[in-house]
Every structure is written in C-alpha cells, then in structure tokens.
Amino acid sequence: MPSKNLNPPPGLNLFPSLKPPQKTLAFHQILVLVITFLAYASFHASRKPPSIVKSVLGPNDHSNSSLTESNLNSTLLNSSSIDAGWAPFNGPRGTHRLGELDLAFLSVYSIGMYFSGHVGDRVHLRYFLVFGMIGSGIFTIMFGLGYWLGVHVLGFFLAVQVVCGLFQSVGWPYVVAIVGNWSGKEKRGLIMGLWNSHTSVGNIVGSVLASGVLEFGWGFSFVLPGVLMIVVGIVVFMFLVVSLDDLGFESPGKEIEMDAEVDSVRSSEEKVESEKAGLLETGDSDSLAAIGFFEAWRLPGVAPFAFCLFFSKLVAYTFLYWLPFYIRHTAVAGVHLSHKTAGILSTIFDMGGVLGGILVGFISDVIEARAVTSIVFLLLSIPALLFYRVYGSISMFANISLMFLSGLLVNGPYSLITTAVATDLGTQTMVGGNSRALATVSAIIDGTGSVGAALGPLLAGYISTRGWNSVFLMLILSIFLASLFLIRVARTEIKAKLNEGKWFWNSIGGH
C-alpha cells in the first residue's frame, strides 16, 4: 500500500507519468543508479582540471629527457608553444606549490568526509547532495576566474581549493547511501563495479573538457566542468528519489530484519559462512540506531580495508593529479607531446580503470573473496608500473598499452573497496543489514583513503624534483603496503574456502 507521507522530487511532480504505478520499482532503481552515476561522474570531472593545467601553470623543464638540442627544436614544432607558466607556480618551487594545492583540496576533502558521512545518516540526502554539487561547481568556476582576473596570489588558489574540497566531501557518502537505500541487502561486485565506473568516466570527461579548451586559456578548463557540475546538480534536485518511501513503495525493512535472523541461524549452523573475509558478525539490529563514528570503526573488516584504501588511493590520486604533467614532461618516442595531447592521452589510464573496476567486481563475485581479489590486483600492478616507467617512452603503442594495464590494475581494488566492500560492511548483520549505516561506514573507508589521496600528490610534487624514478618507487612501496593490510582478511577468506571444500567432500562421503 502506498505511504501517506510521500516526498517525491519536484521533477516527478512535473511529470506524473514517472510516478508509480505508471513506472515500476525496477525502473526507479535503474533511474537512481543512472542519476547517482552522473552525479559522482560530475564530481570527478570537476576534480580533473588541476591535473590538466599543471603543465601550463608550472615550470616547463624538459631536463629529464634525453633529447638533443636539434631534437628538441623539432619537437617544439610538433607541439604547442611552451607557456611561461603562471605565477606563483612557475618558479623553482612551482611543483611544490602545485602539490600544496592538491594537499589543500584533498586534506579538507578527507576531513570533511568523516563529518558529512556522519551527518548523511541523519539528514535529507538529496538536499545536502545538491548543496555540495552547486557549491563545488561555483568554487571550481571561481578557480578559473583567477585567469581573467590576473590573480597571482597563492593564498587565493589555496582558499578556493579548501572550500571546494569541503563541498566535494558531501558527494561520496551520500550517493553510496542513496544507492544502498534502493539496493537492499544484496550487493553484487559486478553491479557495483559497473556503477563505480563513474569515477573513471568522470575523469575522462573532465580531461577531455579541460584539454579541449586549454588553448583558449586555462581558466576555461575550470569553468566548463564547474558549469557541468551545476547543471547535473539541478538534475539531481529535480529527479533523484532518495528512498522507496518517497514514492510509496513498501519499505524493505521487515524483509531485511528477516534476512538478518536467517543469517543468524545459518551462521550458527554453518560457522564458515559467517566468517567470510571477517565481514559478517551477528548482532542486535537495534544497535544501528546508536551506531557512531568510533563504533563504526570497530565493525569487522572496516579498519583493514580503510587502511588498505589509504595506500591504494594514494597511488590512484597521484596518477589523477600528476599523470598529464608526467606525460607532458616525458618524451614518448623522442617527442614531447603538447599540453592538450598529454591531457587527452592521460584518459587511457582511466579507461583501464573502467575495465578494472568491472573485472575485479566480477572476479570477486565468482570466487566470493573480496580481499584475495584485491591483493592479486595490487601485486600485479607493481610490475605493471615498473614496465610503464621503463618501457612507456619507447613508443606511443607501448605507452598506451602499459598505461591502460596500469589503470586496470591500480583502479580495480580501489573501485572494489569503495563500492562493494563498503556496502558489504555497511549492511552486515552486526548493524541489522540496514543501509542507514552506509554513509558512516563508506565515509570512514573513503575518508581514510582520501587522507592517502591528499598525501600522494603532495609527495609527488616534492619528489618529482629528484626524478620520476623516485615517484614510481613511492607508488610501488605504497601498493605493497596496501596489500599487507589485507593479508589477515584474505587468510580468513582462504581458510573459509578450504573448510567449505572439506565440508562438501565430507557430505558427499556421508552419502
């Protein structure tokens, strides 16, 4: 029966044909996935401009290349003219200051996420999500206005990035919580992998937009993604339905409580099932109402995956913010690429990330072992990064192939942990399987990861002055540390699988 207290978004009141019973529950589940996909893709599109304009704002130094003077002269004919940079980023400490910009944004973003996730379980998600999107769009545009206003004060750019990071912190916990409201208890790695490709798609869109207008002035590279963010924010306000109750669909709460009781019975009969990855633990479903920040930290599996994401996201965001700069300042087949070409070429890494997120989700579903899958991808990414650094400059084909492979292996675990793993942990039986804890748990995991994301680009800005080999060494070390945090969880998964096999063969022998 329809609920008496319906709260549909304004767009559905303008178009009554989108409401039930004209549209089914399945239609609205898909619509929520599409709108939240577009919402978070726009968040990432607005984060991409700083990485695209780094090579324009910062010092232009090709000293790391092995080009002769004649080769360099011919190279400059094949690329756009090298700009003089933009004060205060064009001096000897230019890369340091660019790294400090990333730190300003990402540190506030990570801190803000802890608070926004806690608030997200207690406020109307659509209003606050739109608030974050509009604010992010405005301050992204404001950064670009520094170009036309002739701003050369570091404090201005730092202040804009700090406020923008605060608005951006609203995004992730809220889209995860909204998707969780519509997804119920079951979470599939493949589905979440497909949905989480919004991260890479947003990076690609942001790169193409920012690179496409870079030749007209770097300010445009910020204005277009900022406007896109505001437009998508309006769409979210008009059409995003936060929960089933808003349209009068029957709440799945009772079914979830029954599922929790069934899980409790099953866990007592088959103890192995409840030990998978250390993620499931029976408990009182009423504890959800009182769950807090520190209590969420103590949920099984939250801390290991959070610290794993710290190092995994450190690597992913170093590529997000520095890959176009690296490509611009590293000769490919003896030729330095233009700013625009370097920015567009960097999207190959994100294309690999799309496939990586889908592939890691599918594999983790098949083997039912999230931690084992993540460790395998992390360890395989180490040789991939080595090959990209050593052989990526040989030819364009080698550069594209190895960049795609690196993106696939680096972004795969990052995608899995921030989606399927976060929703698994946020709806485990300890919290009654209720998705209302999702914003807090996902904020803890992604917030911790974002601390690493803040640290990575900053370190890259400082370490790159010593050579890119040092940067790649930092990335490889971070990946290794990320895999270490999941060893205990992976061991539990493997032990559970072995016990399942013994149980299976013993049951066959009994017959």
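Cβ atoms are placed via backbone N, Cα and C, with glycine included.
What TrEMBL says about this protein:
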type: TRANSMEM; residues: 25-43; note: transmembrane segment
type: DOMAIN; residues: 34-494; note: domain 'Major facilitator superfamily (MFS) profile'
type: TRANSMEM; residues: 127-150; note: transmembrane segment
type: TRANSMEM; residues: 156-182; note: transmembrane segment
type: TRANSMEM; residues: 194-214; note: transmembrane segment
type: TRANSMEM; residues: 220-244; note: transmembrane segment
type: TRANSMEM; residues: 302-323; note: transmembrane segment
type: TRANSMEM; residues: 343-364; note: transmembrane segment
type: TRANSMEM; residues: 371-391; note: transmembrane segment
type: TRANSMEM; residues: 397-417; note: transmembrane segment
type: TRANSMEM; residues: 438-462; note: transmembrane segment
type: TRANSMEM; residues: 468-487; note: transmembrane segment
Taken over the domain 'Major facilitator superfamily (MFS) profile' (34-494), the model's mean pLDDT:
80
Contact between the transmembrane segment (25-43) and the transmembrane segment (302-323) (3 or more Cβ pairs under 8 Å, separation 6+):
no
Determine which residues of the chain contact the transmembrane segment (397-417) at the Cβ level, with the cut-off under 8 Å and only residues 6 or more beyond its ends counted.
189, 192-193, 196-197, 199-200, 305, 308-309, 312-313, 315-316, 319, 327, 332, 345-346, 348-353, 355-357, 359-361, 364, 370, 373-374, 377-378, 380-381, 384-385, 387-388, 391, 445, 449, 479, 482
Considering only the recorded stretches 127-150, 156-182, 220-244, 302-323, 468-487, state which has the highest number of Cβ pairs under 8 Å to the transmembrane segment (371-391).
468-487
Please work out whether the transmembrane segment (194-214) lies in contact with the transmembrane segment (343-364), by counting C-beta pairs under 8 angstroms that are 6 or more apart in sequence and asking whether there are at least 3.
yes
Which range out of 156-182, 302-323, 343-364, 468-487 gives the transmembrane segment (127-150) the most CB pairs under 8 Å?
156-182
Based on Cβ pairs under 8 Å, which of the stretches 156-182, 220-244, 343-364, 468-487 lies most in contact with the transmembrane segment (302-323)?
468-487
Recorded stretch that, among 220-244, 343-364, 468-487, has the most CB pairs under 8 Å to the transmembrane segment (156-182):
220-244
Within-chain partners of the transmembrane segment (468-487) [C-beta distance under 8 Å, separation at least 6 from its ends]:
64, 304-305, 307-312, 314-315, 318, 322, 326, 330, 371, 374-375, 378-379, 381-382, 385-386, 389, 410, 413, 452, 456, 459-460
